[in-house]
């Protein structure tokens, strides 16, 4: 595999270990194992059972992990219907980056055209409410990430890019396990990179050494990897392979 040439002045590549599929009974040890393997930070998936149908962990788990992981950046990926509600609890628990989704601030309709399920139509962003959530996160001294699901047009995040630290492009549908990497999300990444040379652009969902070249070519520089890292007997080798496709 030939190294992919990053665009000039693009930010450095970072790998985040998603710990959702780790042995939760050994969560602290698993976190340390991922950091020792070379992960740049940890990605914690927070699900509320409403925005997505699954439930995971919340701020009490972050609070327990924080003193055991000094100096480790903890990104909480908030797959929740009320992002603003959890800002202060997560900040108090010790989260460093609060990544929330744009969709709770959008009007979501349906085409009604699918035979099995309707295709969602995402639009009409409540810009004021989303901007206020961003301000609230800043006031609580956390970095800000803003994510979009596969059905959300990328142009809807453009008005917020200058106010956040990172844009997350989901490469699977949030809240469902066992999905394959959606390569058709790469044009969203490229659209962002073409406009914002120094923006941190994160991809999350099914990212492995086998498809990371697509992420690099499109311009993503923050790679969230879960199963490929957690289940590997040699996670350090996985981190090295993920980063090897980038050339500064």
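Positions of Cβ are set from backbone N, Cα and C atoms, glycine also.
What TrEMBL lists as active site, proton acceptor is 45.
Summarising the annotation, TrEMBL assigns active site, proton donor to 204. Within 10 Å of the C-beta of residue 204 (active site, proton donor) we count 24 further C-beta atoms, all protein chains included.
Per TrEMBL, substrate binding site is recorded for 18, 77, 175, 176, 177, 178, 206, 226, 227.
Annotation comment: TrEMBL describes 43, 45, 77, 204 as divalent metal cation binding site. Taking Cβ-Cβ distances under 8 Å and a sequence gap of 6 or more within the same chain, the neighbours of residue 43 (divalent metal cation binding site) are 16, 17, 18, 19, 75, 77, 204, 224, 226.
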Legend entry - Distance from residue 45 (active site, proton acceptor) back to residue 227 (substrate binding site), taken between C-alpha atoms, in Å: 13
Legend entry - residue 227 (substrate binding site) CB neighbourhood, other CB atoms within 10 A: 16
Inset, instruction - Would you list the other residues of this chain near divalent metal cation - those whose C-beta lies within 8 angstroms of the C-beta centroid of 43, 45, 77, 204 - in sequence order? - result: 16, 18, 20, 44, 75, 99, 168, 224, 226
Legend entry - 175, 206 as binding-site residues, winner by CB count within 10 A: 206
